[in-house]
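Step one of this worksheet: look at the structure below.
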Amino acid sequence: PPEAPGKPFVDDYGVDFVELKWEKPEKDGGRPITHYVIECKNKFLTDWTECAKTENDDCVGKVHGLKEKVVYQFRVRAVNKGGASKASEPSDNHTVKHKNLKPRIDRTNLKNITIKAGKAMIWSVDVKGEPEPEIIWTWRDDIPLTNTENIKIENGNYHSNFSIKDAKRADTGKYKIVAQNANGKDEETVELVVLGSPGRPQGKLEVSNVTKKGLKLKWKKPADDGGTPILEYKIEKLKNRNGKWVRCGTVTGGPEILEADITGLDEGATYKFRVIGVNAEGDGEPLESEEVVAKNPYDEPWKPGTPEIVDYDNKSVKLKWTAPKSDGGAPIQKYVIQKKDRFKDWEDVSEVDGGETTATIDDLKENTECQFRIVAVNKAGRSPESDPTKSHIVKHRALKPRIDRTNLKPIVIRAGKMVHYDVNVKGEPEPEITWIVKEKPVLADDNFEIINKDYNTKFTLKDSLRKHSGVYKIQAKNEHGQDEAEVEITILSSPSRPKGPLEVKDVTKNGCKLKWKKPDDDGGKPITGYELQKYDQKVGRWVPIGKAPADAEEFDVTGLQEGQHYKFRVKAINDEGESEPLETDEYIVAKNPFDVPKAPTDVVIVDWDNQSATLEWKRPNSDGGAAITGYFIEKKEKGESKWEPAVTTSSPECRAKVVDLPEKRVYQFRVSAINKAGTGEASDPTNFHTVKHRYLRPRIDRTNLNPITIKAGLSVQYDIDIEGEPAPTVKWFHGEKELATDADYKIDNVDYNTKFFIMRGRRNLTGKYTIVATNSQGED
């Protein structure tokens, strides 16, 4: 074999390959070198593997399929017909990577950071690119950053660390990392927010509106809020240079320009003020004012004139006064009205604008005794109190009557009970009170008692009667007007007598009809019904015969005995009892004014189906003297002796339909006429009728139509039912040939049935047989 080739070196490379070169062996072993074998291994492994072969003896070869970022070594063996040489010396380590790659910053760790002042931070960033990119960090207006005591930048091996050891509020801003090489550049911006206390409020702390007890401060919010919203501003004061700052106010953060009214100052004292912004991180730097002395540029007003009560009612007073003789050098801002109840202290109850010298005080308690006085207020403070008004009792000055309706509830009682109302009436002067019913004044008598006294009226109905029911009106009048209120009193009793006359109509031997009209008065409760009674002259006493509902005004009497004399009466009933009875004027005799009708004639069945039959007939020769109101139809099944009701009509029409008849049953029918006297004689019965369809397409019953196989000489028989109306005509066919009874066949056709016989089977009778059933409705 040849000697080992020279040490290979990487001549070219990419993200997944290398191209190697080497020197050929000094000795080829006596035979030409045919090719070279390239072996490789991972830097961290021990085993070598074959990874490529050359096609000839050129000392150059490519290895493909390498993994990016893995470190490899390579060696070469020369091969001739004698075999492979020893391996060459291994190449230097080679990391598989791009040879030329535009920089690409890994943004995974490039997140915006918010930290508190004094804390440390770091951005740790990987960077790709070939050749290895140069990395620069800049700040704000692309100012390049370098290492300082507080900032540390570490670049190398495709990586950069940017850290701040002790973050300050001033470090807040946007930072940019730039990676560049010969193939291009990449950059990314990331923000750092360092939270701290707010800066000093901007501008000058302005002082205005100074008085002996207070003043106004005004300032602008800080240019820097510390990275988090300002929650509030603390206001402190320093009195007479004593070195002790004391909190004197708080203002919520937010607006650009802020103000605060400071009160509680001591007149003549010297003050300084300062404002401090506060956020979640703490207190900011203070903004101080210049010194100021607490004193007024003006004085308090003099006392106002004595107020006068110019109007009043039961809840309020209207006051009028004169302005102070001096306003103290400053306009009067408002007047304060004070009130003092008897045996109580003075209290502020209302305010009006400084331009007003009248006021109405509301929500006073009626019948209380009180006084009023006035205080004027300007920028310097409150004036002395005015002289008070005289004592005043809260009451109406003039009042239209007003009836208190609290006790005016509708009353419903039974007759004989007492009714009482106790009603208060307001009004100034005291109103005159009148009770009215049915447009007439109610006067005191044995039933009524009325007492009017001291803004009150008492009304009593002692022994109530039904006639006292009605709507009662209370009328209260004085010089300022009047008021009216109504209340309903209902006295319950039994109804009045039904209105007559009590008419007796449609008298027959068994009954009659009574008619009346409802009572004029239902007694205050709904009528629940009527009770009817009869007086049989033969028995000699009144006997109940029935009850009618509340809405009825007539009653059918039954159960009378023919030829007997009767009187009748009716009573109205409600929940309170029975009315007086309304009686007939005379006796009536129970007898018919007419007879039952004669029998109808010529009853025939004109239509039918498999469940019903329709009958028609002629009217009876005589209706018995009363109009025929309907007909009674009966049915009787064949073989039975008893007639059964079938249907009753309610009109004189000579036609009726009997339904719900069982199919294939056989019936007769007869008809009787009905009038007021009752049911008349029955007609002659119809002919027997089979319940069946009148019109029905033929339908062969295929139950027995089964194929048959027999031995020659044996007979065949079919018994087939056939539906259809009219009864179908039946034909049998063998193939196309119509059959008739002969030596081979026997056919018996009756209505709705056919019987077919093959008398003696032969081979030539084998085949398909067809039945055809035909009527006017079709065939099967």
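Glycine is no exception: its Cβ is also placed from the backbone N, Cα and C atoms.
Remember, TrEMBL labels are computer predictions, not curated facts.
Bear in mind that the values here come from a model prediction, so they are computed numbers and not experimental data.
Taken from TrEMBL, the feature domain 'Fibronectin type-III' covers 4-99 (among others). The domain 'Fibronectin type-III' (4-99): residue composition by secondary structure is 0 helix, 40 strand, 56 coil, according to DSSP.
TrEMBL lists 103-193 (among others) with the feature domain 'Ig-like'. Mean pLDDT of the predicted structure over the domain 'Ig-like' (103-193): 93.
For 201-297 (among others), the entry in TrEMBL reads domain 'Fibronectin type-III'.
The domain 'Fibronectin type-III' annotation in TrEMBL covers 303-397 (among others).
The feature domain 'Ig-like' is assigned by TrEMBL to 401-490 (among others).
Residues or ranges marked as domain 'Fibronectin type-III' in TrEMBL: 498-593 (among others).
The feature domain 'Fibronectin type-III' is assigned by TrEMBL to 599-693 (among others).
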Considering only the recorded stretches 201-297, 303-397, 401-490, state which has the highest number of Cβ pairs under 8 Å to the domain 'Fibronectin type-III' (498-593).
401-490
